Amino acid sequence: MPERTGPRAGRFLVLAAVFVCAACGLVYELELVALASSLTGDPVTQASVVLSVMVFAMGVGSLLAKRLRCRAAVGFGLLEAVLALAGGCSALLLYGAFAWLGGTRHALVGVSLLLGVLIGAEMPLLMTLIQRVSRCARQDAGGAVADLFAADYVGALVGGLAFPFLLLPWLGQLTTALATGAVNALAGGALVLWLFHRDLTGGERLLLWSVNAAVLAVLAGAAVLADDFERAARHAVYGAHVRVAVRTHGQEVVLTGPPDGPPDLYVDGRLRVRGGDPRRHHPALVHPAMRGRHARVLVLGGGDGLAVREVLRYADVESVTVVGPDPMVVRLARTDPALARLNGHAFGDRRVRVVPAEPFHWLRTACGGTPYDVVVSDLPPPAGGAGATPYSLEFYGLAARHLAAGGRLAVHAGPLPERPRAYWTVEASLRAAGFTTRPYTVAAPAGGGAASGHAEGAAPATVRAGAGPAAGADAGGGPAAAGGADAGGGYDRGFVLAVPGDPRRTRPPALGVAAGVDGGGVPSAAALEAGARRMERSRPRPLPPSTLTRPRYGP
């Protein structure tokens, strides 16, 4: 036992180091899950990959650490330095792979393996160190193990709570990982160099001082350059014309496009608005539902204002309520000149009321108001995890409660060519929720629309600097059909018009456009009916609905 402290103080220092290392280890784990989920839009798969790979690797690390037990002090010191460097730089490596290599799968597995091996090797070495201290304090082995695991679990609790509520909101993903690595290096180095200094030779002390100083220098330098790295990676992902990039409420909002051209809006790496094709998606979504009474309209999502723009083309609309979880998107839609011009300054209309809330929660809790004649669901395409909630049977059941008699629900059900099963699952969920449905699509204009870019909801995953977002990934990060159009002539976006009523007894709603509204990209009744016939010809065998407990939208 070293002479600098007594047995009780030594045991406390070891347990404090266990607490800090456990907190740092869980932050690394959560950081990988959060960043990979943000980049790919599939939190369930990413969490499963990270957790399973890391737990397996921790077992491997525990076995490998047996060789270091004879030199536990210097082994633990070097291990924590390597872990601090790898964990601190893990977010940079993952984001860099996404930006410059076009994907995260291999980088995510590799980093998870490395971190898992290093974290797994901690416990045998710490067990050896605390047993040495406990013998001096005359504590039995069972009590020492209990103290060790208690400190480990409490540290994991603190790290797990600090990540979403403190570190991520204040530091962001890249700086959080770097700061955690610095704390990890300081805790491991201080424990060994202070408490177990007598177990080290002069050369080992010099090695530990040098390695820890180098690790801290690298992490500090990376923290200083983190903003420059993020800007360079963002340009590689989105192209050279990044006009606005902000991070709020754990998500990244990016507005791109040349100063004198139409803007493209991305939220967490997925395209939400394509400025070069502003009058095809939203007119096809909104106008069929507006055929009939439409005094009161509810828009779920639609923070870009483009669906609201189409609704406000009807002079007899009395009120429009927009419920969206992205207040920053709404702010950009109000204040950015190009985006506001694209949406016709829709949020400046006094008939429009914006409610910053998650749509599912709002539908569930809002009550007592006048029902709506039209509900427009303009949300990101269905995806795994939380992305499946607004396309579930329960969500549509709640939406039905807010519809007036004779009301209509319009749903953007995602891109057709690359995810036809997801589209028909949306339709099945609507039918299971008590709606009679009319699936339809619209054709891309020749030489325009999706053929010249990529579909909304795409994640720009295969991009090179200066080239702009690629037309090659769907919401789950997988490859999309070139240009987002299928072989049938440019039909790439699927919609569903629904009315409450038993599908076996209720007539499907007619497709058309209200009289007096034409031009500006409004589809004709003949075009809508042609798209509906095409969808009926491609209808598969009945699919089960997606529910909260059984989501059916995979990566």
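Yeah, the Cβs are placed from backbone N, Cα and C, and that goes for glycine too.
Per TrEMBL, the features are as follows:
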TRANSMEM  12-35  transmembrane segment
TRANSMEM  47-65  transmembrane segment
TRANSMEM  77-101  transmembrane segment
TRANSMEM  107-127  transmembrane segment
TRANSMEM  148-168  transmembrane segment
TRANSMEM  174-194  transmembrane segment
TRANSMEM  206-226  transmembrane segment
DOMAIN    223-461  domain 'PABS'
BINDING   GLN251  S-methyl-5'-thioadenosine binding site
BINDING   HIS282, ASP304  spermidine binding site
REGION    500-555  region 'Disordered'
COMPBIAS  546-555  compositional bias 'Low complexity'
Among 47-65, 107-127, 148-168, 174-194, 206-226, the stretch with the most Cβ pairs under 8 Å to the transmembrane segment (12-35) is 148-168
What DSSP gives for ASP304 (spermidine binding site), in three states, is coil
For GLN251 (S-methyl-5'-thioadenosine binding site) and ASP304 (spermidine binding site), the CA-to-CA distance in whole Å is 16
Within the same chain, the residues 6 or more beyond the ends of the transmembrane segment (107-127) and with Cβ under 8 Å of it are 14, 17-18, 21, 25, 28-29, 32, 36, 46, 49-50, 53-62, 64-66, 68-69, 72, 75-76, 79-80, 82-83, 86-87, 90, 93-94, 97-98, 101, 145, 148, 152
Among 47-65, 148-168, 174-194, the stretch with the most Cβ pairs under 8 Å to the transmembrane segment (77-101) is 174-194
So HIS282 (spermidine binding site), by the Cβ count within 10 Å over all chains shown, scores 25
Beyond a gap of at least 6 residues from its ends, the CB atoms lying under 8 Å from the transmembrane segment (47-65) belong to 29, 32-33, 36-37, 75, 79, 108-109, 112-125
DSSP assigns the residues of the region 'Disordered' (500-555) as 13 helix, 1 strand, 42 coil
Sequence-ordered list of residues in the chain of ASP304 (spermidine binding site) that lie 6 or more positions away and have a Cβ within less than 8 Å of its Cβ, or none, is LEU265, ARG272, VAL273, VAL329, ALA333, LEU339, ASN343
Within the same chain, the residues 6 or more beyond the ends of the transmembrane segment (148-168) and with Cβ under 8 Å of it are 15-16, 18-27, 30-31, 34, 123, 126-127, 130, 176, 179-180, 250
Students should find that the Cβ of GLN251 (S-methyl-5'-thioadenosine binding site) has, within 10 Å, a number of other Cβ atoms equal to 15
The predicted model's mean pLDDT over the domain 'PABS' (223-461) is 86
